[in-house]
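Contents: one structure, followed by commentary.
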Amino acid sequence: MSLKQHTQTIFRQQFDRESDITIKAPGRVNLIGEHTDYNDGFVLPCAINYETVISCGKRGDRQIRVIAADYENQQDIFSLDAPIVPHPEYRWADYVRGVVKHLQMRNADFGGADLVICGNVPQGAGLSSSASLEVAVGQALQSLYQLPLSGVELALNGQEAENQFVGCNCGIMDQLISALGKKDHALLIDCRTLETRAVPMPENMAVVIINSNIQRGLVDSEYNTRRQQCEAAARFFGVKALRDVEPSLFFSIQDELDPVVAKRARHVISENARTLAAADALAAGNLKLMGQLMQESHISMRDDFEITVPPIDRLVEIVKSVIGDQGGVRMTGGGFGGCIVALMPLELVEQVRTTVAQEYPAHSGGKKETFYVCQASQGAGLC
């Protein structure tokens, strides 16, 4: 049974009527452009065919009633006419409540709704299950009530809900690619202006995500430290963000910076240049160059930003040994564990899967990987 059929069936069972519409919003993976988003830089993600699906219907009153199909049909009910506060027990409900509250703060005019939510975006793998949920809830209410909100506004609304209501710091990339993703394309995003450019993916190309299943320890504290180091480097150069520092200027005076801060800045400045070059390489179908840029990105994360761990480095090497210059591979996400992303011809996927299964556990303390084969998918909309 598809997610759409599943949510529609539960809607019928729980609410004794048919849903009005069913919508979806995808998760994402970032192909290149790591830790550049909060430096006003560039990222190159694509939406993936793992998604949050919501079947929904209007109500005649001002109640929002939500069923979480993935949590044994737990239910949350709250009123649009009372202050919306965090749920005392259900963490998932805060993402829904936060999106609704921030839509109200945008003066969106909508009434009550019944929602049944289901998803298959892996949680805790860095594939943006939370952004997918936020965009899906916003899209559901927009579609039910014809709200005059653009995809960018729905993405910003989700980001605000996560930052201010749920209390998790995040950039705009995850929500933006979920809202605006385009089938068979990656999306080059300027994180300062929020301008986007769709970049076609080569045909017969798989996006493979491999979860190392190494728990991401230290990620919050180290993330904050990296962010502070980047801000210190920007202050040194007298600019708003490292996005504004030309590589030639940086390399001419990097010796005047604190050595650790210089390494962090070198990653961000070079990663921005790599991301722009990668968008052009991908559009031209130049997989050899794309692979080189992804390899340089990983080395920079390992040596300059220092956010990889040995099992992740080994996982990247194992995949690279199979795909050679026919694609690219690197760690993706915040670091200290999590996932790697690889672009490769479809015909190499099974060889990569087999080789990783044979070789990786010896380098991970016996942990086995989780393997996802994805396609670049369409952003949020009707299901």
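Along the chain as shown, residues are numbered 1 onward.
Quick reminder: no glycine exception, Cβ is built from N, Cα and C everywhere.
Annotation comment: Swiss-Prot describes ARG28 as site 'Transition state stabilizer'. Marked as substrate binding site by Swiss-Prot: GLU34, HIS35, THR36, ASP37, TYR223. Marked as ATP binding site by Swiss-Prot: GLY124, ALA125, GLY126, LEU127, SER128, SER129, SER130. Per Swiss-Prot, the feature Mg(2+) binding site maps to SER130, GLU162. The active site, proton acceptor feature in Swiss-Prot is assigned to ASP174; the stated evidence is sequence analysis.
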Residues within 8 Å of the GLU34, HIS35, THR36, ASP37, TYR223 Cβ centre (excluding the substrate site residues themselves): GLY33, TYR38, ASN39, GLY41, VAL43, GLY171, ARG226, VAL268, GLU271, GLY334
Cα-Cα separation of SER129 (ATP binding site) and THR36 (substrate binding site), in Å? 21
Shell of the ATP site beyond GLY124, ALA125, GLY126, LEU127, SER128, SER129, SER130, same chain only (C-beta within 8 angstroms of their C-beta centre): GLY27, VAL121, PRO122, GLN123
Could you measure between SER130 (ATP binding site) and GLU162 (Mg(2+) binding site) for me? Cα positions, answer in whole angstrom. 8
Out of the recorded positions ARG28, LEU127, SER128, GLU162, ASP174, give me the one sitting nearest to HIS35 (substrate binding site) by CA distance. ASP174
Once DSSP output is merged into helix, strand and coil, SER128 (ATP binding site) belongs to coil
Pop the Cα-Cα gap between the residue listed as 'active site, proton acceptor' and GLU34 (substrate binding site) into the table, whole Å please. 12
For THR36 (substrate binding site), name the DSSP secondary structure in the helix/strand/coil scheme. coil
Cα within 10 Å of the residue listed as 'active site, proton acceptor' is the criterion; apply it to the recorded positions ARG28, ALA125, SER128, TYR223 and give the hits in sequence order. ARG28, SER128
